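Copied over from TrEMBL, here are the features:
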| type | residues | note |
| --- | --- | --- |
| COMPBIAS | 8-21 | compositional bias 'Polar residues' |
| DOMAIN | 23-50 | domain 'C2H2-type' |
| DOMAIN | 51-78 | domain 'C2H2-type' |
| DOMAIN | 79-106 | domain 'C2H2-type' |
| DOMAIN | 107-134 | domain 'C2H2-type' |
| DOMAIN | 135-162 | domain 'C2H2-type' |
| DOMAIN | 163-191 | domain 'C2H2-type' |
| REGION | 1-21 | region 'Disordered' |
Amino acid sequence: MTKHLRNGPSSASADSPHTGKTYSCEECGKGFSASCGLKRHMRTHTGERPYSCEQCEKTFTLSSSLKEHMRIHTGEKPFECGLCGHVFTHSASLNNHMRIHTGERPYSCEQCDMTFSRSFSLKEHMQIHAGEKEYSCDECGKSFNQLAGLRKHKRVHDGLKPYTCEQCGKTFRRSSNLKAHMKRIHTGEKQL
């Protein structure tokens, strides 16, 4: 690994002028201000994962990643939403949750201008434009471009009807069917 370390002011000024980063990776050119940063970075190239969980043997490149992982086993949730009190294992999860309160939707589709609060939701949405149907039913082979669509479909095979009318006890596979039932039967509104 030492052959990958370039250090000293002379190589820094030649490799990354005016950045103040005196250590650079010979593999990809990324610069670091401290040798320990470069050593950590080198693990992305070598695949070295020196930190392992004693409970499940999962390995990590960073000690901080192991510490964060351990919360799964301990149940520790140190990040709390100041607005509703919901607690989270990871700070990133709290940041995503805060978008519920703020309405922030920073991920936008360049093809149709829809916006999303999570990058995963945008990625899943993009499959609609690509025509990809990544999720398929094991029982009948029907394909869906979103995981939510497959989950709803599987209720047909499983016979699950998780939505129950509190007034008459009738059950439904979809919340939209329950809402339509409530309007039509219990409020007397006719659907057009």
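Cβ atoms are placed via backbone N, Cα and C, with glycine included.
A Cβ distance under 8 Å defines the sequence-distant neighbours of the domain 'C2H2-type' (135-162), meaning residues of its chain 6+ beyond its ends; these are 124-125, 127-128, 171-174. Here the domain 'C2H2-type' (79-106) returns a mean pLDDT of 93 for the predicted model. Note on the domain 'C2H2-type' (79-106): residues 68, 71-72, 115-118 of its chain, located 6 or more positions outside it, place their CB under 8 angstroms from a CB of the stretch. Sorting each residue of the domain 'C2H2-type' (163-191) by its DSSP state yields 12 helix, 4 strand, 13 coil.
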